[in-house]
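Per TrEMBL, the features are as follows:
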- 1-14: compositional bias 'Acidic residues' (COMPBIAS)
- 23-51: compositional bias 'Acidic residues' (COMPBIAS)
- 66-324: domain 'BOP1 N-terminal' (DOMAIN)
- 1-53: region 'Disordered' (REGION)
- 331-372: repeat 'WD' (REPEAT)
- 638-670: repeat 'WD' (REPEAT)
Amino acid sequence: NKDEDDEDLSDSEDSIYSGLEDSGSDSEEDEEEGSDDDGGDVDDNAEDQSLEDIRNTVGNIPMEWYKDFPHIGYDLDGKKIYKPIRNKDELDEFLDKMENPDYWRTVHDKMTASDIVLSDEQVDLVNRLQRGQFGDVNFNEYEPTVEFFSKDVMIHPVTNRPAHKRSFIPSLTEKEKVSKLVHAIKMGWIKPRRVEDDSKGRYYDLWASEDSSISAKHKMHLPAPKIPLPGHEESYNPPPEYLFTEEEQSLWDQQDPIDRKLTFIPKKFDSLRQVPAFSRFIHERFERCLDLYLCPRQRKMRVNVNAEDLIPKLPKPKDLQPFPTTQSLVYRGHSGLVRSISVSPSGQWLASGSDDGSVRLWEVCTSRCMKTIQVGGSVKSIAWNPNSSVCLLAVAVNSEVLILSPALADRQVVSSSERLLAAPQEEGPSEESDTAVWSEAEGEELNQGIRLKIQHPKPVHQVTWHAKGNYLASVMPDHSSHLQVFVHQVSRRRSQNPFRKSKGLVQCVSFHPIRPYFFVATQRSVRIYNLVKQEMTKKLQANSKWISSIAIHSGGDHVICGSYDCRLSWFDLDLSTKPYKMLRHHKKAVRSVAYHKGYPLFASASDDGSVIVCHGTVYNDLLQNPLIVPVKVLRGHAITHNLGVLDVTFHPTQPWVFSSGADATIRLFT
């Protein structure tokens, strides 16, 4: 209390000042000791200062109230806390600033009227707070968030605390309030809200009860649809943004009347008098009458279906790993479109053929070009022999099929390859043998690795090997001739045309991986021929306009077809001749499709510059359908001349996929 303070000051003035002098002398001695020890131990000072902070018990009050008193507050025992004997003036402040090394970290405490030297930890705390960081050094603001509430339906609740008793017992306080309000309304102290009479400004719908008699008779009756209200564009003086520009006018003229957003052209008039009669008035009224009496109106019974039930229950992609996700390597070196790629059976080498007239052999793991072979024309197709005991490569160039021995294997494999190619040619020609002429390479071609050349009557678009590596099929699409497919036997150097009649424009062919079946894809269908019985066993209807490529599952019972109308068809040969599933994931033409030999994966490449990898699990149980889940869209190729990815193939052992594009690059996704 201020009055008590005044009495104490008047009663014992001498004793107070003597006490101040003693404390002042003590503080001066402390300062001298501190200056001798170069600041002393900072931690001890901090502890003493923290004790001092606790000592003053005046509370959160303005300290100016004590400016006229010699003391600054009271300690826990109720004794006075005296001020220092003198305050520093500006000169002392300046000298302290120049001489005291800890001046920059000294803070004046108004509660105890003393100077506190901040410790290193306290200085760091101030700096962090000034930078907008958290006070605690160990606090990590970027910790991964724990998603307690996610889109996935959880089995167990986040909290299973039982409901509070008050949540299901009527509130007594609310009951009391309601009873008071009811009593006040009864006594007339609270007037209910007055209902305003809106009869003056009320609008009536003349046609509201128009069909009341009809609707009473017919439960399924629906009233006629109303004409949409006119908008700004139908105004005689519409805003300028509603008027057509020349481009919009020409576009409107070119469109069919059904496709037009507006049935008229908005026009601008200066005044309502200048607006002419509507030329289509009678026509529009007549159409409205037709709408009213020709439009069948029936009330549809809505079926309440849960939206989640319509979505197929597919597994998560992370549960279906491994599959390729990232681009690892880019193989650069070609200067034209890379139309075809093929991987060796060992998975160590990659062959590519391009429009620049070269065949390049790459090492898969390092993207190093091991060999470049100039073949003198654009390479349409390239295929590595799937038999691991030989190392041969078939290349389709113009109207020739070249058999190359790249010598990228050990001596035993290379020698067995040479023995296979060195077999003598049979002299007894069949009817079609004149159409494909075998010859050996000479000179520079032989040095490059070209061993055999098979001359065809027309340009060859595709080559493919049989799984055992002795037979080779080539495709020459031509409507006018039955000479579209040739099957070549390398060991005997013999060629034959298996078909006497043309069954349509052949797009591509493929051998069955384990059975003696031959797949021939024409524009609209895929025919399966039994090579032993020499008859057609099945015809698959692709339901697409133009098939581009086919691939056969390693089990042999499933086929996928890509088409130029952006579709991918999956056929289950045991199930039906029609597609089991149609995938329309691509925006442009599908150029190539491929199955993986070991993993349940298949991929499709398209002109939209993407490769879509799907997971396709095939079950031995005939009653269980294949599980098809798209797992990844791989991008990286640039679209060049409206062409994107031209070919796709999988690594024989790893879950990797190779793609070649019109941007003259080959990319490996792992």
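Each Cβ is built from the backbone N, Cα and C atoms, and glycine gets one as well.
Per-residue confidence over the repeat 'WD' (638-670) averages out at a pLDDT of 93. Note on the repeat 'WD' (638-670): residues 322-332, 334-347, 350, 352, 354, 356, 362, 364, 367, 588, 591-599, 601, 603-611, 613 of its chain, located 6 or more positions outside it, place their CB under 8 angstroms from a CB of the stretch. Note: the repeat 'WD' (638-670) comprises 0 helix, 18 strand, 15 coil (DSSP; helix = H, G, I, strand = E, B). Residue counts for the repeat 'WD' (331-372) under DSSP (helix as H, G, I; strand as E, B; rest coil) come to 0 helix, 25 strand, 17 coil.
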